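Here Swiss-Prot flags 1-22, 69-88 as region 'Disordered'.
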Amino acid sequence: MPNIKSAIKRVKTNEKRRAQNAAQKSALRTAVKHFETAAANGDVEKAQAAFVEASKKLDKAATKGLIHKNAASRQKSRLAKKLNGLSA
């Protein structure tokens, strides 16, 4: 355990941020899974709604630095490809 006041604060801050990042990443994964299940069931309307939600979460995660912007873009592209496959 650190003795210096600023180091103690850093430990608290890092723990708080770690928890927030984990929660946001978990929500992101859940949103993507909701899309995947809707797409697997062939439900186009639910898939479209889930795609919008997943896209928002991916963009937000990329903006916050949680995931790389190219990774977010790649995931969105793959999801969009699946969605277009359902519609066609």
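Placement of Cβ uses the backbone N, Cα and C atoms for every residue, glycine included.
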Mind checking how the region 'Disordered' (69-88) divides into helix, strand and coil residues in DSSP? 19 helix, 0 strand, 1 coil
Taking DSSP states H, G and I as helix and E and B as strand, how many residues of the region 'Disordered' (1-22) are helix, strand and coil? 18 helix, 0 strand, 4 coil
